[in-house]
Amino acid sequence: MYEWKLNEIVDSGVCARCGTCTIVCPNGILTFDERPKLIDECLRKGHGMCFEVCPRVSSAKYQIKIREKFYEKYYYAKSDIEGQDGGVVTAFLKYLLENGKIDGAIVVGDECWKPVSLVVQNAEDLLKTAKSKYAISTLDALRKAGEMGLEKVAVVGLPCQINGLRKLQYFPYHAKHDLELGRNGKPVKLPKIEYLIGLFCTEKFRYDNMKEVLSKHGIDIEKVEKFDIKKGKLLVYVNGEKKEFDLKEFEICSGCKMCRDFDAEMADVSVGCVGSPDGYSTIIIRTEKGEEIKNAVELKEGVNLEEIEKLRQLKLKRFKKEVERRRENNEYVSFYWTADYGGIGKRADGTYFIRVRAKPGGWYKPEEIKEILDIAEEYNAKIKVTDRAGYELHGISGFDVEDIVLRLREKGLLTGSEGPLVRATLACPGGGNCSSGLVDTTELARIIEDNFKERPAPYKFKIAISGCPNGCVRPQVHDIGIAGVKYPKVNEEKCNGCGRCAEVCKVEAIDIRGETSYTNYNVCVGCGKCIKNCPNEAREVKEEGYLVYVGGKTGREVVEGVKMKLMSVDEIINFIDKVLVVYGKYAEKPQRERLAAVMKRVGYGKFLEEVKELMKKEIC
């Protein structure tokens, strides 16, 4: 047996048997026969892409969800194509093929009902695969499609397979690097997955076990015409007759007990029979690409949502029961579902931390702090205050992460601000709290949070607001930095040259000549102290507002941001939005290139000019 990092997942029975790991290995040394297996020595011992796409290592759902912006629209339909429960999936794939949306479809065919992964490129071959198989299947055909030179495909898969393929689509965002290179210096060749079509699934069965059980009842699996699952029964159609079997007679894949996804939550469109009339399929549209199914079949409203929710809860109940069983028996659990939520990270000691996204300006209500303290005491956790005024609970068991996250939500405390997204806005106390504050930093932080909270970005994206040019929160070295400023002018009729303004000016930008004070605007930083301290009200406001910096950073390299002109609140929101758009356009290496690096590579002038043009279009 070769050393392989995924052995713990596979051998412990946590493996979903989705087959995603086998298709991404650039060296082709993984095979799949109802479970993945390493057939040759791996130079990195499995510390690579096979591990990083595994949906049982981490779901990566949160990072995927904020990028796909999933929603749910429920319909039911049937087509004029003979297939499982109305042939909806077949009809959709037929539409995509005939309209050039895809070059091929990755579907499951069968050899005597043993699932076989197939590449289908025409409607005629598609019809031959139009019935459900309930045994463990693979995704081998996706790799074959790449070798055939196909560029765009749709994939039909079970919830676990959809999860693995979504992780493949967004690989750099959660793995923090590009695809693994093989011994030939190249990554695996795969087509672009344009559409993910998910199938409802409660469990899947071992093929050999299905064959054996049916044989005991005098049924030759080779003569079965159709399988279906309804109300806890496996329906087997042979010679025009329907026979029912209790699902408990069949051995389900052990990893299915660790699954909590009934309806393929990360698919573009999910399809199944639950919740719709006989002969129809329920359709859940989740993305804009999923909306295209409307061009293939006529959709009807009126899905029985209670039936779907019942199956969701049954699967979740089974999952929780299995997790608890493993906990009691000290068996391996991967805690893959903790990645369903933002702000969760694994510590060096194997426990977890939960980051509470900082409230706007770092201001908390007493009851919010009390809740954090109560949780820390109850779960024996340590508390860390982050440099962005957030709270982290450390030393949390993986078994408790989800319960704590949901409990925090009930108190209005959002977990997040971790990964390639807009982090919590850092702000000093600001005007009304600090004697030097010129602007209300808390209100501006709230507006920014309302517009950009957890917005996805190529890499972490940090914003800081300082109430004055003192810059105690270092706005110059943030992706976006904002500082309140107030520049003075002199009312010569009121000025008597007393010199008080020059005394309070920390940058020595003021000279007194006779009975008048003069400001050197090349030195003045706009702190407004001279205006505030003039006993004769001779210092007035020449210009005030928000000074903005863009493209700063700290870390391995310190970069000071480019200073922009003064902006209003509306202009700041427009500016941040367009900076994120242009950043996303030019970033080539997700999780590797901060905004500063992209601006430098593209050219500061070109980058900012494009931002300005987009801002103008917004205004128009």
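Glycine is treated like the rest: Cβ placed from N, Cα and C.
Because the structure is a prediction, the values reported are computed rather than measured.
What Swiss-Prot lists as [4Fe-4S] cluster 1 binding site is Cys15, Cys18, Cys21, Cys25, and the listing cites sequence analysis. Swiss-Prot lists Cys428, Cys434, Cys468, Cys472 with the feature [4Fe-4S] cluster 2 binding site. Annotated siroheme binding site per Swiss-Prot: Cys472, in sequence order. Marked as [4Fe-4S] cluster 3 binding site by Swiss-Prot: Cys495, Cys498, Cys501, Cys505. Among the features that Swiss-Prot reports, [4Fe-4S] cluster 4 binding site is placed at Cys524, Cys527, Cys530, Cys534. As annotated by Swiss-Prot, domain '4Fe-4S ferredoxin-type 1' applies to 6-35, with the evidence given as sequence analysis. Per Swiss-Prot, the feature domain '4Fe-4S ferredoxin-type 2' maps to 486-515. Annotation source Swiss-Prot lists domain '4Fe-4S ferredoxin-type 3' at 520-544, citing sequence analysis.
Positions of Swiss-Prot features highlighted on the structure.
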| residue | record | contacts (Cβ under 8 Å, 6+ apart) |
| --- | --- | --- |
| Cys21 | [4Fe-4S] cluster 1 binding site | Leu6, Leu30, Pro36, Cys50, Phe51, Val53, Cys54, Gly164 |
| Cys25 | [4Fe-4S] cluster 1 binding site | Gly48, Met49, Cys50, Gly182, Val188 |
| Cys428 | [4Fe-4S] cluster 2 binding site | Cys434, Gly437, Thr441, Ile465, Ser466, Gly467, Cys472, Val473 |
| Cys468 | [4Fe-4S] cluster 2 binding site | Cys434, Ser436, Gly437, Leu438, Val439, Ala483, Gly484, Val485, Cys527, Gly528 |
| Cys498 | [4Fe-4S] cluster 3 binding site | Pro535, Asn536 |
| Cys501 | [4Fe-4S] cluster 3 binding site | Pro488, Ile510, Ser517, Cys530, Asn533, Cys534, Arg539 |
| Cys505 | [4Fe-4S] cluster 3 binding site | Lys529, Cys530 |
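Reduced to three states, the DSSP call for Cys21 ([4Fe-4S] cluster 1 binding site) is helix. Of Cys15, Cys18, Cys524, all annotated as binding-site residues, the residue with the shortest Cα distance to Cys495 ([4Fe-4S] cluster 3 binding site) is Cys524. Sequence-distant contacts of the domain '4Fe-4S ferredoxin-type 1' (6-35) (same chain, at least 6 residues past either end, Cβ-Cβ under 8 Å): 41-42, 46, 48-51, 53-57, 117, 136-140, 142-143, 157-158, 160-161, 163-165, 167-168, 179-184, 186-188, 190, 204, 206-208, 253-256, 258-259, 331-334. Counting only residues at least six positions away in the same chain, the Cβ atoms of Leu6, Ile9, Arg35, Pro36, Arg56, Ser254, Gly255 sit under 8 Å from the Cβ of Cys15 ([4Fe-4S] cluster 1 binding site). Residue pair Cys524 ([4Fe-4S] cluster 4 binding site) / Cys18 ([4Fe-4S] cluster 1 binding site) shows a Cα separation of 64 Å. According to DSSP, the secondary structure content of the domain '4Fe-4S ferredoxin-type 3' (520-544) in residues is 5 helix, 7 strand, 13 coil. Every protein chain considered, the tally of other Cβ atoms within 10 Å of the Cβ of Cys524 ([4Fe-4S] cluster 4 binding site) stands at 19. Comparing the binding-site residues Cys18, Cys472, Cys530 by how many other C-beta atoms lie within 10 angstroms of each C-beta, the top residue is Cys18.
In the domain '4Fe-4S ferredoxin-type 2' (486-515), helix, strand and coil residues by DSSP number 5 helix, 9 strand, 16 coil. The average pLDDT computed over the domain '4Fe-4S ferredoxin-type 3' (520-544) stands at 96. Taking the centroid of the Cβ atoms of Cys428, Cys434, Cys468, Cys472 as the [4Fe-4S] cluster 2 site, the other same-chain residues with Cβ within 8 Å of it are Pro429, Gly430, Ser436, Gly437, Thr441, Ser466, Gly467, Asn470, Gly471, Val473.
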